[in-house]
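Participant: Mind looking over this structure? Questions follow.
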Amino acid sequence: MNIIFMGTPAYARTILDALVRAGIGVAGVFTQPDKPVGRKQILTPSEVKIYAQQNLPHAKIFQPKTLKEGTVAAEILALKPDFIVVAAYGKILPKSVLDIAPCINLHASILPKYRGASPIQAALLNGEKNTGVTAMLMDEGLDTGDMLGFTHVSCEGKRSAEMFEILGELAGELAVKTLFDFKNLTPQKQDDALATHCKKIQKSDGLVNLSEDAEQIYNKFRAFHEWPGVFLESGLKFLELNLAEGSGAAGEILRIEKDGFVVACGTGALKILALQEAGKKALDAKAYINGKRLVAGNKIS
């Protein structure tokens with residue numbers, strides 16, 4: 001079996017590794033162009049490119065700005081793939097590519113729920129108890145293709161980084177199973193009436209207000225823990241928090257405990273364990289409280 005793999009982040013790298021370990025031949029790898037990262041804007045390759053360079057010496061690596069470039073379809077065709085496997089690639093596949101071989105996407109939700117760019121974060125943001133991965137035959141729509149298989153998993157109490165790892169492993173297993181069983185699978189249409197969508201995450205999505213429900217803020221924290229984090233309009237960022245018991249005026253410090261402090265929200269309360277003011281170093285909650293000389297009854301803003 002000979003495939004082309006298209007993907008970019010660690011989630012995709014995990015899937016690619018599962019395919020390689022299963023003995024599936026990878027003729028080519030498509031990934032996003034290297035991007036400037038950090039304050040020094042150092043040009044950095046994707047996780048998938050790093051993996052391919054280290055483990056796939058015979059695979060061609062492609063980093064086109066768009067798959068609509070004139071030579072892309074011809075280059076793919078020349079590699080004679082049996083399948084094109086796609087996972088969090090971040091680019092639209094045009095019809096000229098979709099027509100070359102069956103294109104199978106490993107989407108990190110149970111479709112038709114959470115079509116779009118951020119399905120893992122969306123599941124956590126909405127307080128879902130379970131999520132999963134769908135293997136799907138790609139078409140020209142956004143995550144609208146016929147489904148080939150599913151894997152379900154609990155996401156209760158988990159954060160985005162943990163779910164990316166868990167779902168990457170499950171997606172790798174599902175990808176291998178789907179390719180080897182492909183001829184025996186019956187594609188299943190999605191019910192568009194049940195479809196929900198999720199968007200690309202922006203930094204502004206991490207903005208919270210303590211007048212919100214505590215559970216809503218907690219779910220934002222779980223979803224955006226990796227990036228962009230959760231922060232108040234003042235720039236104060238919550239680095240570690242949990243749900244807590246208590247009620248009071250939004251932003252009021254209800255009590256100070258050994259390892260943190262409890263603050264009231266619009267409904268419910270949160271225990272803050274670590275935080276960071278804009279432009280300053282991260283602090284544990286106790287150091288922050290002592291430095292600001294805050295006591296129960298004071299407000300956080």
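The backbone N, Cα and C atoms fix where each Cβ goes, and this holds for glycine too.
What you see is a predicted model, and the numbers here were worked out from it, not measured in a lab.
So Swiss-Prot lists the following for this protein:
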type: BINDING; residues: S109, I110, L111, P112; note: (6S)-5,6,7,8-tetrahydrofolate binding site
Participant: Could you check the binding-site residues I110, L111 and say which one's CB has the fewest neighbouring CB atoms inside 10 Å?
Facilitator: I110
Participant: Report the residues of the chain - excluding S109, I110, L111, P112 - with C-beta within 8 Å of the mean position of the site's C-beta atoms, for the recorded (6S)-5,6,7,8-tetrahydrofolate site, in sequence order.
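Facilitator: Leaving out the recorded residues gives H107, K113, Y114, R115, P119, G132, T134, D143, M147, Q190.
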Participant: For S109 ((6S)-5,6,7,8-tetrahydrofolate binding site), which residues of its chain lie six or more apart in sequence with Cβ-Cβ distance below 8 Å?
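Facilitator: Result: R115, P119, I120, A122, A123, T131, G132, V133, T134.
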Participant: Give me the long-range Cβ neighbours of P112 ((6S)-5,6,7,8-tetrahydrofolate binding site): same chain, 6+ apart, Cβ under 8 Å, in sequence order.
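Facilitator: Result: D143, T144, Q190, D191, D192, L194, A195, T196.
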